[in-house]
Amino acid sequence: MSKKVALITGAGQGIGKSIALQLSADGFEVALTGRHLDKMQAVADEINGNGGHAIAIQSDVQSKAEVDQAVAATVAKLGQLNVYVNNAGIAVVDPVAETTEAEMRRLLDINVMGALFGIQAAAKQFKKQGTPGKIINASSIAGHEGFPMLGGYSATKFAIRGLTQAAAKELAKDHITVNAYCPGIVLTPMWDEIDDKLTTLENKPKGSALKDAVDGIALGRGEEPKDVSNLVSFLASDKADYITGQAILVDGGIKYV
Ligand SMILES: NC(=O)C1=CN([C@@H]2O[C@H](COP(=O)(O)OP(=O)(O)OC[C@H]3O[C@@H](n4cnc5c(N)ncnc54)[C@H](O)[C@@H]3O)[C@@H](O)[C@H]2O)C=CC1
Ligand SMILES: CC(=O)C(C)=O
């Protein structure tokens, strides 16, 4: 593969870290962005120690200026941008009736506005380069089916599917594809937090919410970040050149939705 560069948001842990490691293994030079520079740097050090080429950039996806700066810093240091992965996200656990305005605005700012800023910055850079590009967004199984206690979060993941479809149609003429990955129950710090909050709200033993969710997976195990990064690896590759506007489930076959 001739040199290609991918930027991954929220790359310091969980699915984002796995995507960064996988795309590096696939031959990409990678820019890792997130709020905590030390975490990005640790992942970048691991990649560089394995013979890859990674840089760490501090950037909060809630800020359009910081997202634009992250793309500019990537191009300044790595020369170009070819793939942009809008991975960063947060979950909030609350019944819809009790979701606060502050919680919902935070969900929208990070999960939706952050992805919108990323699509805009990436598309602008691809057009400036005059090259094809790939934008890959994090949706969820909760973007296909509303999840109880994750209503606000589900709304943001439905929104990602809408943005993905519309941007794919608008940007196709510029040879830019836009797709989304939709994981199920992935064993990352996000689900540790969801389990903690669900079991507290429902007065159940710690770990039981995660166990119940995993029990609903046809393939019989919780999803590993690698299961997701395998799909992103495909979507970022030339093999996915004819795929756009799709929100692809990678959930092990969740039975209860
Ligand atoms: N864990 C799961 O079961 C599922 C996760 N997803 C989605 O996959 C993506 C990654 O999730 P996980 O790795 O599980 O979560 P995680 O909580 O382990 O990691 C999320 C990352 O996003 C970063 N982040 C949060 N707010 C940010 C901001 N304002 N600016 C920049 N970075 C920010 C965090 O610092 C963290 O590194 C998210 O968009 C999530 O909604 C989708 C379906 C299932
Ligand atoms: C965090 C998430 O997206 C689910 C479905 O659990």
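If you go along the chain as it appears here, the first residue is 1 and each next one adds 1.
Just so it is clear, glycine is given a Cβ too, placed from its N, Cα and C backbone atoms.
Just so you know, TrEMBL annotations are computer predictions that nobody has curated.
The number of other Cβ atoms within 10 Å of the Cβ belonging to TYR153 (active site, proton acceptor), over all protein chains shown, comes to 27. The active site, proton acceptor annotation in TrEMBL covers TYR153.
The NAD(+) binding site annotation in TrEMBL covers GLN13, GLY14, ILE15, ASP60, VAL61, ASN87, TYR153, LYS157, PRO183, GLY184, ILE185, VAL186, LEU187, THR188. Look at PRO183 (NAD(+) binding site): DSSP puts it in a strand. For PRO183 (NAD(+) binding site), the same-chain residues lying six or more positions away in sequence with a CB closer than 8 A to its CB are ILE15, ALA138, SER140, ILE141, GLU223, ASP227, VAL228, VAL250, ASP251.
Residues near LEU187 (NAD(+) binding site) in space but far in sequence (CB under 8 A, at least 6 apart, same chain), listed by position: GLY222, GLU223, GLU224, PRO225.
All protein chains included, ILE185 (NAD(+) binding site) registers 22 other Cβ atoms within 10 Å of its own Cβ.
With a cut-off of under 6 Å between the Cβ and any atom of ligand 1, the recorded positions GLN13, ILE15, TYR153, ILE185, LEU187 reduce to GLN13, ILE15, ILE185. Note on the binding-site residues GLN13, ILE15, VAL61: the fewest other CB atoms within 10 A surround the CB of GLN13.
Of all Cα pairs drawn from GLN13, GLY14, ILE15, ASP60, VAL61, ASN87, TYR153, LYS157, PRO183, GLY184, ILE185, VAL186, LEU187, THR188, which the record names as binding NAD(+), the longest spans 25 Å.
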